[in-house]
Amino acid sequence: MTVVLKLGGSVVTEKDRAETIDGAALDHTADAIADAISAGDIDDLVVVHGGGSFGHHHASEFGVSTTDGSHDVDAVHAIHGAMTTLNQFVLRRLLDRDVPAVPVHPFSAGHRSERGELTFPAGQIETLLSEGFVPVLHGDLVAHAGEGVTVVSGDELVVELAASLGADRVGLCSAVPGVLDDADAVIDRIDEYEDVADVLGESEATDVSGGMAAKVRALLDLDSNATIFGRDGLSAFLEGDDPGTTID
Ligand SMILES: Nc1ncnc2c1ncn2[C@@H]1O[C@H](COP(=O)(O)OP(=O)(O)OP(=O)(O)O)[C@@H](O)[C@H]1O
Ligand SMILES: C=C(C)CCOP(=O)(O)O
């Protein structure tokens with residue numbers, strides 16, 4: 001069973017306060033992952049975490065998004081540097097619980113063509129998985145032909161890896177309990193973007209990669225099902241259930 005799990009930046013950080021970890025949420029998340037691995041619920045796990053108040057804060061300061069790039073070397077170091085710092089925090093929490101977590105920095109692995117298409121080789125991840133590690137990636141910057149560097153969101157990486165690894169399960173843990181309808185009830189299942197386009201918005205916090213609308217669009221393109229759920233749904237997802245919203 002291969003699982004790709006995205007930990008939203010709104011889960012692991014306080015998204016409204018620059019470079020602030022949500023320590024309690026991170027502990028809860030790391031506990032749920034360690035428990036699922038020791039219970040034997042998952043063989044291969046890839047974790048991808050978002051930017052939260054680390055990536056998005058600096059990216060918006062330098063005007064960099066998934067489509068608008070920069071050639072400013074200071075922007076590269078500020079944004080990528082903040083993301084590697086957040087990655088260290090996530091890794092530490094997992095290592096403290098004996099999860100064999102190792103870093104994979106997308107800036108050193110992927111790139112975009114002039115048309116913005118992402119190339120992200122999966123061989124490194126596949127090999128780490130078969131050698132018993134838990135790769136922990138993150139939203140980052142990537143080289144972008146004609147643009148300098150642009151943001152690659154954790155959601156894009158999840159979609160790429162889910163397809164290239166042939167993942168059995170894909171989960172996005174966010175600050176909301178799922179995709180919400182106009183009465184704030186969790187939508188159980190989404191098959192068509194048009195059915196939910198009216199209720200999908202961007203993130204309430206600073207976010208350069210498109211919030212919930214971009215997430216749903218990207219997940220609908222996947223061959224396999226994906227699930228969007230909140231913090232309280234993480235253990236259930238890791239145990240094999242489908243809490244929150246299933247994107248078909
Ligand atoms: N219909 C909707 N249902 C649920 N959330 C929505 C909806 N429309 C907009 N949102 C916003 O989308 C946010 C989730 O997207 P966001 O990109 O912030 O999540 P994340 O993946 O946890 O964060 P990050 O991008 O930092 O990793 C919610 O917190 C909410 O503000
Ligand atoms: C803003 C940066 C650098 C990463 C964005 O990743 P996301 O939070 O998964 O969208």
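Here, residue 1 is simply the first one shown, and the rest follow in order.
From the backbone N, Cα and C atoms, a Cβ is placed for every residue, glycine too.
Bear in mind that TrEMBL entries carry predicted annotations, made automatically and left uncurated.
Among the candidates GLY154, GLY166, GLY171, the residue that TrEMBL names alongside GLY51, HIS56 for the substrate site is GLY154. Residues LYS6, LEU7, GLY8, GLY9, SER10, GLY211, LYS215 are recorded by TrEMBL as ATP binders, and the candidate that the same record lists for that site, out of GLY52, GLY55, GLY63, GLY178, is GLY52. Within the set LYS6, LEU7, GLY8, GLY9, SER10, GLY52, GLY211, LYS215 that the record links to ATP, no two Cα atoms are more than 15 Å apart, and one pair reaches that distance. Secondary structure at LYS6 (ATP binding site), taken from DSSP and collapsed to helix, strand or coil, is strand. Taking the Cα atom of each, GLY9 (ATP binding site) and GLY51 (substrate binding site) are about 5 angstrom apart.
In this structure, none of the recorded positions from LYS6, LEU7, GLY8, SER10, LYS15, GLY211 has a C-beta falling under 6 Å of any atom of ligand 2. Rounded to a whole number, the distance between the Cα atoms of GLY51 (substrate binding site) and LYS215 (ATP binding site) is 14 Å.
Of the recorded residues, LEU7 (ATP binding site) and GLY51 (substrate binding site) place their C-alpha atoms 10 Å from one another.
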